[in-house]
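Novice: Take this structure first; my questions come after.
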Amino acid sequence: MEARFLKSASDLESCPQDSVKEVCFMGRSNVGKSSLINAFFQKKLAKTSATPGRTQLLNFFEYNRKRFVDLPGYGFAKLSKVQKEAITNLLTQFLNFRQNLTGVVLVIDSGVVTVQDQEVVKTILQTGLNFLVIANKFDKLNQSERFHTQNKLAHFLKVNPNKCLFVSAKTGYNLQVMHKQIFELFKADGQAI
């Protein structure tokens, strides 16, 4: 089944009101989340931009009879304080109160993992949702950086290394593995850490 855009929502009340299970994609602004989503769908549905902070709504997509949600990016410095707070509140509410949600795909930049990413992992762990950390832009790292990053990422984020996958939306590296692991999030309840 081909992927398609369903709707955008600015708050939980505007989200689809049904019982279809969902997996959401979240990540810092400018980590290549939209490009990764498009690679996952094999179709350009999520809007990509060189300007960080473009996604400020919850964007719902349907693919293979499953629902996926592109969440606004967090941590973009050029947003106003009010905008940052609104996005933080929306993300927190969605993770904690969206009953359809069965899993979270946290997209990070392979080369720049932040304390903010670490805090988001803590928040995800507190929800009890199953999750997967996708380290995108792996193609931008040299061989030495790849080795060190793979060893440090799970330790820094305090998660099981099996929860971390290195990919490149640009080159297609590990996208088939990612595809399979994301669909597994619909089956699992809770996470092993």
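Backbone N, Cα and C atoms are what each Cβ position is placed from, and that goes for glycine too.
So Swiss-Prot lists the following for this protein:
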DOMAIN    19-188  domain 'EngB-type G'
BINDING   27-34, 53-57, 70-73, 136-139, 167-169  GTP binding site
BINDING   Ser34, Thr55  Mg(2+) binding site
Novice: According to DSSP, folded down to helix, strand and coil, what is Gly27 (GTP binding site)?
Specialist: strand
Novice: For the domain 'EngB-type G' (19-188), what's the model's average pLDDT?
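Specialist: When the pLDDT values over the domain 'EngB-type G' (19-188) are averaged, the result is 89.
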Novice: Based on Cβ atoms within 10 Å, give me the single least packed residue among the binding-site residues Asn30, Ser34.
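Specialist: Relative to the other binding-site residues in Asn30, Ser34, Asn30 has the fewest Cβ atoms within 10 Å.
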Novice: Check the binding-site residues Gly27, Pro72 for other C-beta atoms within 10 angstroms of each C-beta and report the one with the most.
Specialist: Gly27
Novice: Let me know the most crowded of the binding-site residues, choosing from Lys33, Lys137 and counting other Cβ atoms within 10 Å.
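Specialist: Highest number of other Cβ atoms within 10 Å: Lys33.
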Novice: These are the binding-site residues: Leu57, Val167. Which one scores highest on other Cβ atoms within 10 Å?
Specialist: Val167
Novice: Secondary structure at Lys137 (GTP binding site) (DSSP, helix/strand/coil)?
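Specialist: Reduced to three states, the DSSP call for Lys137 (GTP binding site) is coil.
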Novice: How many Å lie between the Cα of Ser34 (Mg(2+) binding site) and the Cα of Leu57 (GTP binding site)?
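Specialist: Counting only the Cα atoms, the answer is 13 Å.
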